[in-house]
Amino acid sequence: MTAKLIDGKAVSQKIKIQVKERVEKLAQQEIIPGLAVVLVGENSASLTYVKNKKKTCEALGMRSDLHQYPDTLTEQELLSKIEELNTDPEIHGILVQLPLPKQIDEFKVISAISPDKDVDGFHPISVGNMMIGKEAFLPCTPHGIMELLSNYEIDLAGKHAVVIGRSNIVGKPIGQLLLQKDATVTYCHSKTNDLASFTKQADILIAAIGRAKFIDHTYVKSGAVIIDVGMNRDENGKLCGDVDFQDVQETASFVTPVPGGVGPMTIAMLMGNTVQSAEKDLQRQNNSKYVK
Ligand code: NAP
């Protein structure tokens with residue numbers, strides 16, 4: 001058996017075509033979805049992510065403003081910028097690229113973003129709504145993973161999903177979304193004893209660890225579906241995931257590559273959330289006209 005590839009590049013392309021159609025529809029009403037990206041500091045990985053987001057926005061006919069600051073920016077200065085963006089009618093999504101320099105409280109900053117423009121889905125209100133299954137902007141990476149599983153018609157009901165990682169941006173939310181689709185979910189983390197004893201029970205294995213090629217076939221049950229969220233550099237500086245892609249080929253039934261798996265889905269879902277925000281804004285405007 002050789003594992004089938006879950007092609008995130010192809011699925012994300014399909015999603016971006018749908019997003020572009022929605023952008024064109026909004027353009028007929030003279031609305032251009034606008035995403036403001038705030039970058040503080042010189043982190044080179046962050047700069048690459050931010051540039052990719054801007055390029056994708058523009059390719060889909062959306063507006064993207066980059067607000068770039070030195071790492072000496074104060075918390076108050078950043079909060080004032082967010083306040084300004086919150087009230088800017090041409091901006092539908094606000095994304096603050098993490099990590100932030102240590103003088104700035106990340107939670108305070110994320111909480112200052114208007115939930116109506118929280119296209120990253122990190123605001124406590126978005127997280128709370130997601131948890132109870134109410135409408136919310138879903139965090140882009142977990143949402144992208146769910147789209148991949150759905151596109152490959154991978155049945156989740158009654159399946160055992162094991163998530164390695166419990167970060168607020170990937171591990172915790174993907175576990176919740178899998179639970180909402182009736183999977184039985186186990187979370188593992190760095191304090192888990194005998195990790196392989198859990199991962200070997202997984203029908204669906206999500207690796208969100210941040211360790212190059214950590215998961216080999218000894219962690220994998222025969223026929224498992226593996227989603228590799230990791231973005232790491234190997235010993236030669238080449239981009240690689242948390243999973244040893246070659247080593248799991250004979251054990252897994254499906255696996256995502258890195259690059260070309262979860263990564264492109266994250267950006268596609270961000271574009272989708274920004275368009276959704278612009279559509280909701282238009283809806284609110286129409287509703288208020290109707291009330292008057
Ligand atoms: P994170 O905040 O560093 O969390 C890593 C998680 O892995 C933690 O919960 C940690 O456990 C757990 N862990 C670390 N070592 C472990 C071990 N030996 N055994 C079991 N669990 C272990 O990272 P993150 O932000 O969730 O990101 C995870 C990876 O995904 C990174 O490589 C990141 O670059 C990548 N990523 C990719 C995308 C994308 O779009 N493709 C998006 C976001 C993140 P503790 O909680 O106990 O410390």
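Using the three backbone atoms N, Cα and C, a Cβ is placed for every residue, glycine included.
According to TrEMBL, the protein carries these features:
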type	residues	note
BINDING	Gly165, Arg166, Ser167	NADP(+) binding site
DOMAIN	6-120	domain 'Tetrahydrofolate dehydrogenase/cyclohydrolase catalytic'
DOMAIN	139-280	domain 'Tetrahydrofolate dehydrogenase/cyclohydrolase NAD(P)-binding'
Residue counts in helix (H, G, I), strand (E, B) and coil for the domain 'Tetrahydrofolate dehydrogenase/cyclohydrolase catalytic' (6-120), per DSSP?
58 helix, 18 strand, 39 coil
Could you name the residues, excluding Gly165, Arg166, Ser167, of the same chain that surround the NADP(+) site, i.e. Cβ within 8 Å of the Cβ centre of those residues, in sequence order?
Val163, Ile164, Asn168, Val170, Gly171, Lys172, Tyr187, His189, Ala208
Residues of the domain 'Tetrahydrofolate dehydrogenase/cyclohydrolase NAD(P)-binding' (139-280) by DSSP state, where helix covers H, G and I:
49 helix, 26 strand, 67 coil
Tell me which of the binding-site residues Gly165, Arg166, Ser167 sits in the most Cβ-dense spot, judged by other Cβ atoms within 10 Å.
Gly165
